[in-house]
Amino acid sequence: MRSQWVAKRRGQSNVSQMHYARQGMITEEMDYVAKRENLPPDLIRQEVARGRMIIPANINHLNLEPMAIGIASKCKVNANIGASPNSSNLEEEVAKLNLAVKYGADTVMDLSTGGGDLDTIRTAIINASPVPIGTVPIYQAVESVHGNIEKLTPDDFLHIIEKHAQQGVDYMTIHAGLLIEYLPLVRSRLTGIVSRGGGIIAKWMLHHHKQNPLYTHFDEIIEIFKKYDVSFSLGDSLRPGCTHDASDEAQLSELKTLGQLTRRAWEHDVQVMVEGPGHVPMDQIEFNVKKQMEECSEAPFYVLGPLVTDIAPGYDHITSAIGAAMAGWYGTAMLCYVTPKEHLGLPDAEDVRNGLIAYKIAAHAADIARQRPGARDRDDELSKARYNFDWNRQFELSLDPDRAREYHDETLPADIYKTAEFCSMCGPKFCPMQTKVDADALTELEKFLAEQKNKEAIAH
């Protein structure tokens, strides 16, 4: 779809959506996003120019269907996939991608850490994906030196980052905000550093006693991103790994640096979103969102959860969807899903499904709470279908039609029950929605009540 769009841009020194937006241009991607979001094209351009919205759209990802991440657009959901040293299969990863897209993922991150040819897997995912693909290039950098983190050089990082950009990756998590002087701040934490990328950078700095190479070479990463229109997803290496550690000095120190890096990227017209926690008690979620907006000049916020309690392994798609809905309500632009397998193991297809649906619920609930135009239309349509006992229409409008139909048909599988005025919960005689109050009956009732009121007034 985008071949002709990007052909005229090739060879330019900066091909980012922000660059064109700041020149007053409405690109084809901006126009496409405007139609998807039901927003004016110039509003999209203004938000991208301002940095409050990004359109992750690498010029080499030609089959991408452009989408937006930002406060003015609908709340988005990301799903993670990826091969590991213990589980790696190209066909499986493409199947996971297709499953994620089926259940509503707005973007997908390939977090492959080994076990196969990572370049082949990544390229296959990009070629098959209509949604933006994100990566964490530091994982492949570590794999390239067989896990010997201390052997990595700044050039190794830059080489892998450019390779991902050439392959068509739309956004990359770059852990540039973790400075060496912040490491002592984790001493009082219960769970230390829980970011994989952050842990890698921390280990490198502790070995070499040198500053974070992603920070010292940030301008070189900017130059790579300008050439391909890759968006920064600035990684929160010091995100809290438990509610005890939430909103501590380590987390907030890094956040301040992420804000500085955001503005540095903007000076070169490169798009940025900022990653956030993690594990956060409900009473601290609003503070975390507002603090990010303040420190990062309202760059889109992209949070993992957050989990609001730590005691429910096996149910962390629920503990985190609670926090995600609140974060979305307060202004977070994208939610990274958490599956029931979080903290326990590698998610399978059913885990991906359950995690995604939980997060689509959270994002949609946030859109309703933020009173986005049209956000509740689907809810109203489903409610009408429910009141009219139009079961097939209810299934069709559901976030997970297959699951809704499956649960209904467990007890009433025959087609005749698709028009029945009851389900197995109340049976044929006790469903309250059978009580249809027509307009004439209400008019008669209102007339009666008015007469009663008049009689009482006369009596007094």
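We count from 1, first residue shown onward.
Every residue, even glycine, has its Cβ placed from backbone N, Cα and C.
For Tyr302 (substrate binding site), the number of other Cβ atoms no farther than 10 Å from its own Cβ, over all displayed protein chains, is 28. Residues annotated as substrate binding site in Swiss-Prot, with sequence analysis given as evidence: Asn80, Met109, Tyr139, His175, Ser195, Arg196, Gly197, Asp236, Ser237, Leu238, Arg239, Glu275, Tyr302.
Per Swiss-Prot, the feature Zn(2+) binding site maps to His279, His343; the stated evidence is sequence analysis. For His343 (Zn(2+) binding site), other Cβ atoms within 10 Å of its Cβ number 13.
Classification of Cys426 ([4Fe-4S] cluster binding site) by DSSP places it in coil, neither helical nor stranded. Cys426 ([4Fe-4S] cluster binding site) is surrounded by 12 other CB atoms, counting those within 10 A of its CB over all protein chains shown. What Swiss-Prot records for Cys423, Cys426, Cys431 is [4Fe-4S] cluster binding site, and it gives sequence analysis as the kind of evidence.
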In three-state DSSP terms, Ser237 (substrate binding site) is classed as coil
Measure from the Cβ of Arg239 (substrate binding site) and count the other Cβ atoms within 10 Å, all protein chains considered. 26
Count of other CB atoms lying within 10 Å of the CB belonging to Tyr139 (substrate binding site): 21
Cys431 ([4Fe-4S] cluster binding site) versus binding-site residues Asn80, Ser195, Ser237 - nearest by Cα: Asn80
Rounded Cα separation (Å) that holds between Cys426 ([4Fe-4S] cluster binding site) and Gly197 (substrate binding site): 52
Relative to the Cβ of Ser237 (substrate binding site), which residues of the same chain, six or more apart in sequence, are found under 8 Å away? His175, Gly177, Leu178, Ile193, Ser195, Gly197, Gly198, Gly199, Ile201, Ala202, Glu254
DSSP output for Asn80 (substrate binding site) maps to strand
